[in-house]
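Pulled from TrEMBL:
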- 1-445: domain 'Major facilitator superfamily (MFS) profile' (DOMAIN)
- 31-51: transmembrane segment (TRANSMEM)
- 93-115: transmembrane segment (TRANSMEM)
- 121-138: transmembrane segment (TRANSMEM)
- 150-171: transmembrane segment (TRANSMEM)
- 177-195: transmembrane segment (TRANSMEM)
- 258-277: transmembrane segment (TRANSMEM)
- 297-317: transmembrane segment (TRANSMEM)
- 356-379: transmembrane segment (TRANSMEM)
- 423-441: transmembrane segment (TRANSMEM)
Amino acid sequence: MAEEGLLLPASSTSSSSSLLSEISNACTRPFVLAFIVGSCGAFAFGCIIGYSAPTQTSIMKDLNLSVADAIFTIWIDIDGGVNPWSINLWETIWITNILFVIGWFAIAFAKGVWLLDLGRLLQGISIGISVYLGPVYITEIAPRNLRGAASSFAQLFAGVGISVFYALGTIVAWRNLAILGCIPSLMVLPLLFFIPESPRWLAKVGREMEVEAVLLSLRGEKSDVSDEAAEILEYTEHVKQQQDIDDRGFFKLFQRKYAFSLSIGVVLIALPQLGGLNGYSFYTDSIFISTGVSSDFGFISTSVVQMFGGILGTVLVDVSGRRFSSWNVLGLSYHSHFILLEGMENHCWETGTPVLALFSVMVYFGSYGSGMGSIPWIIASEIYPVDVKGAAGTMCNLVSSISAWLVAYSFSYLLQWSSTGTFLMFATVAGLGFVFIAKLVPETKGKSLEEIQSLFTDSPPQDSTIF
């Protein structure tokens, strides 16, 4: 059944042509600069994720660290409940990128484990804010028919960052690689003087007169944005009226009307992590070594596959839709775990046949690049109304961080317990996620953010199966 899901819809060719037309119309300078900022943030995130696997062995050797000490690679997200929608976007990106740079320098000049921990902690705080804020910003400034592609393409750079650091980690010393990690953050800072605020954020903070002007700068001066501006202002006013009636701060997120959207967001965010993402990402080197694969060849091959997967996912997200794409990539993830299981059960590693190990890792990272990494955050950035966006982001970050920490911390111990059992658990999570998406997650492609949010808060869809 998963194999059938991998086929493209018959209408994909015409949809691709329409997508290219939308892209050409949206290439205004403010939109392009905003997109670059989002892409650099995603690239910085990818560099952080990709840093650990190729460098972990060298760091442990150079600093004489134990396996327990080496779990510094687990970054901690303690954004402290900061609501990114209550502060200025420009200030937020400044803060997160400065913390990224300080974190990289702490790692580069570390003489012991405490500076490594500090560097990862600072990076974790930055990730906790930017991993949600970036997709939200892109979705709020992009045209509805281009929103998924723009968000996915920006998030593609997270996969590119992982791939680049996987490849560079085979030839660059770990301290020098940390210095290189500062580059994307330093590139972002000058661009902040030229990007617009989100029109929906402007409406929320009472700057209604600026909404249409910002939309014109994003869509082009010849565009008719009156209907879009009116829809944004009308929906924002409706949300404000509801907020005046019921102003419970963070806890309003747990009202019954948000239960469906909160459940969708939390489960989708947790799925990649509980499906083994940080296990594969942080311990790829260990997997390759234990199964007889050349680490350098494995990292380079994985990097290439992940980038191609990301390009494919960017095209498909607005052609076949979010739900269809995420359903397919979870199917690929499910199969990758069972490829590893088959090799373990048949003792392929013991007979000197590492092909299945390399292939399974390539399939897994190909599925991550194709959408498993980006689509949950795209959907999470679309489904929450402006009054609970910050609280929802904090909740999604918290769930992502806890699930990521659990997998990253326990992965090496789980492998010592039972490698077969470990990947069987990950496969079970992927299988359950496959069913969850097919039965409960509605399609958001082609809808305005206001339509999507009304869909989730008014009533869950009666029939949202793929078939």
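From the backbone N, Cα and C atoms, a Cβ is placed for every residue, glycine too.
Because the structure is a prediction, the values reported are computed rather than measured.
When each of 31-51, 150-171, 258-277 is checked for Cβ pairs under 8 Å to the transmembrane segment (93-115), 31-51 comes out on top. Taking pairs at least six residues apart, the transmembrane segment (297-317) and the transmembrane segment (150-171) share three or more Cβ pairs below 8 Å and count as touching. When Cβ-Cβ distances below 8 Å are used as the criterion, the transmembrane segment (177-195) is approached by residues 29-30, 33-34, 36-37, 40-41, 43-44, 47-48, 51, 55, 90, 93-94, 97-98, 100-101, 104-105, 107-108, 119, 161, 165, 168-169 of the same chain, each at least six residues removed from its ends. Here the transmembrane segment (150-171) does not lie next to the transmembrane segment (423-441) in space: the count of CB pairs under 8 Å, restricted to residues six or more apart, is fewer than 3.
A Cβ distance under 8 Å defines the sequence-distant neighbours of the transmembrane segment (258-277), meaning residues of its chain 6+ beyond its ends; these are 252, 326, 330, 333, 337, 364, 368, 372-373, 375-377, 379-380, 383-384, 388, 392, 395-396, 399-400, 403-404, 406-407, 411, 423, 426, 429-430, 433, 436-437, 440-441, 453, 456-457, 460.
The average pLDDT for the domain 'Major facilitator superfamily (MFS) profile' (1-445) in the predicted structure is 75.
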